[in-house]
Amino acid sequence: MSKRDFYEVLGVPKNASDDEIKKAYRKLAMKYHPDRNQGDAAKPAEEKFKEAKEAYEILSDAQKRAAYDQYGHAGVDPNMRGGMGGAEGFGGFAEAFGDIFGDMFGGARGRGGRQVYRGNDLSYAMEITLEEAAKGKEAQIRIPSWESCETCHGSGAKPGTSAKTCGTCQGSGTVQMRQGFFSVQQTCPHCRGTGKIIPEPCTACHGQGRVKKQKTLEVKIPAGIDDGMRIRSTGNGEPGTNGGPPGDLYIEIRIKKHDIFERDGDDLHCQVPVSFITAALGGEIEVPTLQGKAAIDIPEGTQAGKQFRLRGKGIKGVRSSYPGDLYCHIIVETPVKLTEHQRKLLKELDESLKKGGAKHSPSTESWTDRLKSFFS
């Protein structure tokens, strides 16, 4: 049987944001929770959840989503997480709930019974130039990192002492609480789910068993990246608790304002000033591009605002097959600080042009006619 479209499975459009995808998955996870689907409904619910889980795993990962968007199901490995098929069993089913409900309620249950928490995601803003965005680059960044405490060797206990089993939960990290007819399992309030009590905490790490330091990370910026895009570095967020998975690091790209170019998607725009003599008589001018210099032939009688397009002189975006174009917008420059001789020459030129009327200044003549019609 062919697989359904992943966007259809989650009920979201193809341009859905990460938050929309996550919310849709949460809704399905709650709907097909095993506690809500017993008896004959259990098996169909499990299949529905597996389908939603697979869709979420692909669409929540930027690289996998890009491959799926381009090639469909053939672009992603259906066994990338080692168990989408029927052999997964209830263990994998429960593990999948840990991913989503851990986000919702703070943590999932580990195999030893202790509360397992996923680490928090980290964000990092990186500023790059337009040239670096176009070509791509490799950079180093420093981010906070947790390392095992050298004083207590990660135990959290003062040297010479050791952690004790929590007497409240007997080391399980959870306690049973009765609410009417129901018995609810909750995190032990005494040890906070660790199953251990540290009578004498290590003074270096304050009983955490780890200390915060800085680490250097190599980051590859892909060519064509645009302002506001994020790069996900899996597992480089804050570490999890009690064996929980680490969070992710999201690097947000910010592109510095350029002195010459403005970016619009894959296209670039720039303003090119030319003298009114060149605009009137025409000629060749030199313009800058990200690849170097280029020449443009300015035709005779070029007006201010005229736009010239240089194909392929823009930027090739991250998901683009071809580079964009460069648009040069002409600004006709009016001369300033004229000498008396220059003023005289311009006045003579003006008188000569006026005699030609619409022949030399079609826009001015048309404007004059419209004004006469307006005030008449």
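Cβ coordinates are placed from backbone N, Cα and C, and glycine is handled just like the others.
Keep in mind it's a predicted model, so treat the numbers as computed, not measured.
Annotated by Swiss-Prot as region 'Disordered', the relevant range among 152-176, 352-376 is 352-376.
Among residues of the same chain six or more beyond the repeat 'CXXCXGXG motif' (202-209), those with a C-beta under 8 A of the stretch's C-beta atoms are 148-152, 154-159. Secondary structure of the zinc finger (136-214) per DSSP, as helix, strand and coil residue counts: 0 helix, 35 strand, 44 coil.
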